[in-house]
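Record features (TrEMBL):
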type	residues	note
BINDING	Glu100, Asp223	divalent metal cation 1 binding site
BINDING	His137, His173	divalent metal cation 2 binding site
Amino acid sequence: MYQGVYGDKRYHEPDLAAVLERAWAAGVERIIVTGGSLEGSRAALALARTDRRLFSTVGVHPTHSGDFDAHAGGADVLLAELRALLEDGRRDGKVVAVGEIGLDYDRLHFCDAAAQRRGFEAQLGMARAAGLPLFLHMRAAAADFVDIMRRHHAASPGSGGSLGGRQVGGVVHSFTGTVAQLGELLALQPQLAIGVNGCSLKTEENLAAVAAIPMDRLLIETDSPWCWRLWAGAAE
């Protein structure tokens, strides 16, 4: 990101340094760089180590879940490499969450649902063992997403809204579901926040769901340039 290429088209020269400087000047204190694949997570950690205010996640995005079976050593080897990267980053406090993980049934052309579910469950197990917060992605997959989250919650020692026996929380980002689906997510654990952006505001049903999010569980995000407000739809 910030290499000047959006949608496979180059618009400008790389400007990451300028973007970070603007953020610091505007009062941003910390930034978490998101991993979406093994290589992306490695790059995120490397970037995080360039500045004390930068941190990173480790995880495989649902649309990249095919990477598990496609890995030369198989799914277990890829998972082991993710775990090793996570532990490496935890040693200096740079890896602070597992993500971006979850399910995306809107984009099954990238990866089928069964592979997404396998990847999601494997990485939830990794997060539970590490006791780290979750950066979660859910699109058109609420039933399976909630079912998997509930089962992993129930498998956690001392599961009082925890993964691994202690309160860890996380965020379901870019929420686009219904009021009923929101209720199921809020009930999963008390420290799970709901992230909303322009993609969360496209329909009247979306707006009703966003209005129902408790203020202490609401996280405002941009997800720019993919979900900025000009795509909002009903919110306009």
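For all residues, glycine too, the Cβ spot is worked out from N, Cα and C.
Fair warning: this is a prediction, and the values are worked out from it, not measured in the lab.
Taking CA atoms as the reference points, Asp223 (divalent metal cation 1 binding site) and His173 (divalent metal cation 2 binding site) are 9 Å apart.
Counting every protein chain shown, the number of other Cβ atoms lying within 10 Å of the Cβ of Asp223 (divalent metal cation 1 binding site) is 16. On its own chain, His137 (divalent metal cation 2 binding site) has His61, Pro62, Gly99, Glu100, Ile101, Gly102, Leu103, Asp104, Val172, His173, Ser174 as residues at least 6 apart in sequence with a Cβ closer than 8 Å to its own Cβ.
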